[in-house]
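Step one of this worksheet: look at the structure below.
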Amino acid sequence: MPAYRSRTTTHGRNMAGARALWRATGMKEGDFGKPIIAIANSFTQFVPGHVHLKDLGQLVAREIEKAGGVAKEFHTIAVDDGIAMGHSGMLYSLPSREIIADSVEYMVNAHCADALVCISNCDKITPGMLMAAMRLNIPAVFISGGPMEAGKVKIRGKSVSLDLVDAIVAAVDPAESDADVMAYERSACPTCGSCSGMFTANSMNCLTEALGLALPGNGSLLATHADRKELFLEAGRLIVALAKRYYEQDDETVLPRSIANFGAFENAMSLDIAMGGSTNTVLHLLAAAQEGGVDFTMADIDRLSRKVPNLCKVAPATPEYHMEDVHRAGGVISILGELDRAGLIHRQMATVHSPTLGAALDQWDIVRSSYEAAQSRYLAAPGGVPTQVAFSQGNRWESLDLDRAQGCIRDIAHAYSKDGGLAVLYGNLAKDGCIVKTAGVDPSILIFSGPARLFESQEAAIAAILGDKIQPGDVVLIRYEGPKGGPGMQEMLYPTSYLKSKGLGEVCALITDGRFSGGTSGLSIGHVSPEAAEGGTIGLVEEGDRIEIDIPHRRIHLAVDEEELAQRQRAMEAKAQQAWRPVNRNRTVSLALQAYAALTTSAAKGAVRDLGQLNRS
């Protein structure tokens, strides 16, 4: 029977000093011996997805205490990728994931907490906390802040739903007036919550449901809706029950590594492929799997992408649907339900809230179940009022979206495509693979070739796009922006958005060893591995080289013969210390980022730390 970890600091005469300090935090005599539950909150006023979280940690804490636990809250950092986008701030986004994971580990282990509630929401916060939970392997429950409501605006007499990406594209579209751009800006992000499309934040919060670590509705129930409060309260009750099952009943099935095992990672990736989630999820799932000792790789993602269909298209893949529409159609559980009916998921996986995923689907899938709580939960609708306050409205849809032929979520027979919404491509340009969000690619350019237009920074590519130097048919190639080369593997939302605004979104490709925002659509291929800074072929491409892309056959090829590539490699390596470095880039890299670059691995491995290098040092 495992002992409560917290007894290290709460029991025995020699721990009088530690108990004195615990008493100074508010603990009473009767609290020593109860499970101490750490609440990792990520409240910040910098991020709209987190501005409403300030009091929610204490909401969970009170519920923990009612259930017989002791709650102790702490906070992590949180970077807003949208605000950090398009300038040097983006260098810090991915590295912040590791800082978050470390900070959660530090706080939980330093204070010997028994269990963990993770209050996350936006892009790197959920992955960082997930990595920490897998690393710590103590009972854990995830509860996110919830999605933002979609914006609503009237442009040229027509009412449209919109999101952040629409505002970015409109800002550089010469056809849009200043007044219309201002209307987009003021309407794109109307409430608190994670941006309203199937971007990285919402994708990751959906995946925590599929992994079995979050409650039904976590990924799709709006931040503003009163029903979301119950998820926070339930998380507080649940974590105490899980802690007691582990420490008092020796039930290891409640631990993150027992729940989020290989089968659960397959379920999560299958969900991601089916819903056309952000390409960043590949990076984060690979990282979390490594933290938990799960042998889940790019090869597994490639295999799943060939058999799981695309059942859901949400912004940015289509302007028609946002997260509030996914929720009305039954959320993550209903997408998993459709995959279940096709035999494409593992039903027997455990979850924090149900004995198995199959049992959860039978209860919460609105197509198969008449469970009143499920029917009610998925009727939660947007309020349509700008606010930064959580749980501030109680609007309900008049009906659920059960149309699996033409609705937001499709069944297998009516899938958008038999191949899923994400694909792994291989070839001489990406020997270890690269990722494309096929759900956002126009069918006319699934097979594409063109001359490489070469850039060694995101900034240079943006200048060329806005300067009308990119032509239809070009392949914009941005290199030295990978985990080591950037460093930090910048997101390329602005280049892809500007291509769209210039009318080039369906006639050009963009390839990079960097990554893309969840808001990216178009023929955008990222995570090229090995990256240029690691000696990848992408570092040998020259201006005008022909690049061939064949998504149906999962192929990406640099049309340069092997002898020429070998000669280029010899010339590169002759540069000694200047080899595999950008030639004409002036970028200040801080000591913190240099340390990140020194330890990080390839995107094909999730850009986690290189344990081999650590072991050698």
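Backbone N, Cα and C atoms are what each Cβ position is placed from, and that goes for glycine too.
For SER517, the entry in Swiss-Prot reads active site, proton acceptor, with the evidence type sequence analysis. Contacts of SER517 (active site, proton acceptor) defined by a Cβ separation under 8 A and a same-chain sequence distance of 6+ are given as ASP81, MET85, PHE199, THR200, SER278, ASN280, GLU491, MET492, LEU493, THR496, in order along the sequence. Reduced to three states, the DSSP call for SER517 (active site, proton acceptor) is coil.
Look at Swiss-Prot and you will find ASP81, ASP123, LYS124, GLU491 tagged as Mg(2+) binding site, backed by sequence analysis. The DSSP secondary structure for ASP81 (Mg(2+) binding site) is helix.
With a cut-off of 8 Å between CB atoms and residues at least 6 apart in sequence, the same chain places SER42, VAL47, GLY49, HIS50, ALA78, VAL79, ASP80, ASP81, SER194, THR200, ALA201 near CYS122 ([2Fe-2S] cluster binding site), listed in sequence order. As annotated by Swiss-Prot, [2Fe-2S] cluster binding site applies to CYS122, CYS195.
Classification of LYS124 (Mg(2+) binding site) by DSSP places it in coil, neither helical nor stranded. Taken from Swiss-Prot, the feature N6-carboxylysine covers LYS124, and the record attributes it to sequence analysis.
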*Look up CYS195 ([2Fe-2S] cluster binding site) in the DSSP assignment and report helix, strand or coil.*
coil
*What does DSSP call GLU491 (Mg(2+) binding site) in the simple three-state scheme?*
strand
*Long-range same-chain neighbours of LYS124 (Mg(2+) binding site), Cβ under 8 Å, sequence gap at least 6?*
ALA78, VAL79, ASP81, SER93, LEU94, SER96, ARG97, ILE100
*Additional residues surrounding Mg(2+), by Cβ distance to the ASP81, ASP123, LYS124, GLU491 centre under 8 Å*: VAL79, ALA84, MET90, SER93, LEU94, CYS122, THR200, ALA201, ASN280, SER517
*asked:* Give me the CA-CA distance between ASP123 (Mg(2+) binding site) and CYS195 ([2Fe-2S] cluster binding site), in Å, as a whole number.
replied: 10
*Please work out the number of neighbouring Cβ atoms within 10 Å of the Cβ of GLU491 (Mg(2+) binding site), leaving out its own Cβ.*
32
*For the binding-site residues ASP81, ASP123, which Cβ has the most other Cβ atoms within 10 Å, all shown protein chains included?*
ASP123
